[in-house]
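According to TrEMBL, the protein carries these features:
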| type | residues | note |
| --- | --- | --- |
| BINDING | His99, His101, Glu105, His145 | Fe(2+) binding site |
| BINDING | His99, His101, Glu105, His145 | Ni(2+) binding site |
| SITE | Asp104 | site 'May play a role in transmitting local conformational changes' |
| SITE | Arg107 | site 'Important to generate the dianion' |
Amino acid sequence: MAQIRIRNSGKRLQTEQEVRSFLEEQGVLYEHWPTEKLPSRLREKFVLSDEEKEEILQVYQEEIESLAKRNGYVQWDVVALSEATPNLEELLKKFENVHVHTEDEVRAIVSGNGIFTIKGKEGTGYFDVELSAGDVISVPVNTPHFFTLMENRKVVAVRLFIDPSGWVAHPYQDPEFNA
Ligand SMILES: [Fe+2]
């Protein structure tokens, strides 16, 4: 279940109701996939073969297709990051810059955790969405944001694309953002 921290006030939203209504107000899609569908041998496994990634896509085929049909995604894949990932430090440094895309950025967390830091609507400032297994989020097109790992530095996520070229990160210089 996702939790939210609003950076300006430090306020945390922790109940499902609060999280859902806040994200809805912000125009951020949020839903939940059933984690119990994942076979136990694939749970909390952060180094995955191509076959295992394919298996994860098959496990969640119904959820992926439902989301794809609603929002126009045509391609999907699985990404796994952990201390075992070569150059993890450099990757995270690259990730942690505010940017925008010309399409939504969709992530469904399969194992581990991740944080999306997103610029809210007028007056909200930036907020962090802390995600855990089963959480699915879509950052709307042209919304300043970045993604990073949490302290455990482990995540497996499904990514969905309308057009992979739309996922190019365009840096967004924002005097309002204080890391
Ligand atoms: Fe992004």
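Backbone N, Cα and C atoms are what each Cβ position is placed from, and that goes for glycine too.
One way to see the shell of the Fe(2+) site is to take the Cβ centroid of His99, His101, Glu105, His145; the remaining same-chain residues with a Cβ within 8 Å of it are Val100, Val139, Thr143, Pro144, Phe146, Phe147, Ala169. In sequence order, Ser138, Val139, His145, Phe147, Trp167 make up the list of same-chain residues 6 or more apart from Glu105 (Fe(2+) binding site) whose Cβ falls under 8 Å from its Cβ.
Ranking the binding-site residues His101, His145 by other CB atoms within 10 A of the CB puts His101 at the bottom.
For the recorded positions His99, Arg107, the ranking by surrounding Cβ atoms (within 10 Å, all protein chains) places Arg107 first. Within the set of recorded positions Asp104, Glu105, Arg107, Glu105 have a CB atom less than 6 Å from some atom of ligand 1. With respect to their backbone Cα atoms, Arg107 (site 'Important to generate the dianion') and His99 (Fe(2+) binding site) stand 16 Å from each other.
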